[in-house]
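Below is one structure, written out as structure tokens, with a few remarks after it.
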Amino acid sequence: MSAQSVEEDSILIIPTPDEEEKILRVKLEEDPDGEEGSSIPWNHLPDPEIFRQRFRQFGYQDSPGPREAVSQLRELCRLWLRPETHTKEQILELVVLEQFVAILPKELQTWVRDHHPENGEEAVTVLEDLESELDDPGQPVSLRRRKREVLVEDMVSQEEAQGLPSSELDAVENQLKWASWELHSLRHCDDDGRTENGALAPKQELPSALESHEVPGTLNMGVPQIFKYGETCFPKGRFERKRNPSRKKQHICDECGKHFSQGSALILHQRIHSGEKPYGCVECGKAFSRSSILVQHQRVHTGEKPYKCLECGKAFSQNSGLINHQRIHTGEKPYECVQCGKSYSQSSNLFRHQRRHNAEKLLNVVKV
């Protein structure tokens, strides 16, 4: 098989929109020997995420032979990692980022990818921002609960847009709700259901979707699977489920009949059906369904870091980055282990510490 026919096959087996197909065709015509170093400006190529997905989804049956398969994989990998413009460290970060997102629960994968992080640190910041939104102790309980509902609705809506079965969507929503309760118990209560000052924790309202006693199998944010209803911060009988009969969901989606208590939530939901992404980036053309996501994305282009530390002047693109940094100056360690009392300034460090406790428990079981 000639080199020209191989190149034509490379084009045919990659289903792309017209513009992307034209770009790939021009590239191959200008570089017929398959050598590295295309004359096409890299900033004119499609989103690297497109090529990453094609690289991972490529099958042997998609090529006429092993040599062609390797050639096509090499080309897709190069279009994804872009060694002509990226340093070795940046390429390493891209691979680490891909694996990090892959090990997240499905609902968090969607959330992170929708924010388009360019490295592992940005992905962590996205999750920490979500965590602070779900469980900010400085806000009234009613506001935290409402934020939690909106974020859950947002994540579930994104999963609906990708066609997840309703049973999986229910599991996603339950996991998100339970995760916020788990985080609350980790930070504010000990194993006997007491708060940090020794008083009994007030009765908590169990999220309505979580009537069963078993915790969902996959917990968000890396929380160890050591909690069950009736243990640790929430002893049996401590939950009270309350209903507000006067609360009605008056906003109905004409497409699917789903009800919403807020008109703004209905508007966001309807974008699932319409595919509307009204917030477009003028720099690269990417579009987003929410203005807040666009604002975060634009900082990639502008380098804007609006959150500045008053102590040392260091600036951050995300508020959560500033909050974490300020603990260096204050010495604050708000994340406390409920088993041994050790405190940490970062939630990720607490989760790693908790896993060590779990490992010790497993070793004790094995020894017995």
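In case you wondered, yes, glycine gets a Cβ from its N, Cα and C as well.
Between TYR229, TYR279, TYR335, Swiss-Prot assigns phosphotyrosine to TYR335; no such entry appears for the others, which is not proof they lack it. Per Swiss-Prot, the residue from the list LYS106, LYS361 bearing the note SUMO2 cross-link is LYS361. Of the listed residues (LYS147, LYS203, LYS308, LYS342), Swiss-Prot tags LYS147 with SUMO2 cross-link; the rest carry no such note in the record, though that does not show they lack it. When LYS236, LYS248, LYS258 are looked up in Swiss-Prot, the one carrying the note SUMO2 cross-link is LYS236; the rest have no such note there, which does not rule it out for them. Looking up LYS22, LYS88, LYS228 in Swiss-Prot shows the SUMO2 cross-link annotation sitting on LYS22. In summary, of the candidate residues LYS177, LYS314, the record from Swiss-Prot lists SUMO2 cross-link for LYS177, whereas the others have no such entry there.
The two recorded residues, SER274 (phosphoserine) and SER292 (phosphoserine), have Cα atoms 19 Å apart. Closest in space to SER292 (phosphoserine), of the recorded positions given as LYS277, TYR335, LYS361, is LYS277, taking the CA atom of each residue.
Among the recorded positions LYS277, TYR335, LYS361, the ones whose Cα sits within 10 Å of the Cα of LYS286 (SUMO2 cross-link) are LYS277, in sequence order. Tertiary proximity for the zinc finger (279-301) is limited to same-chain residues at least six positions away from its ends with a CB under 8 Å from its CB atoms, namely 47, 114-116, 118, 154, 268, 271, 317-318. Cα of LYS361 (SUMO2 cross-link) to Cα of TYR335 (phosphotyrosine): a distance of 21 Å.
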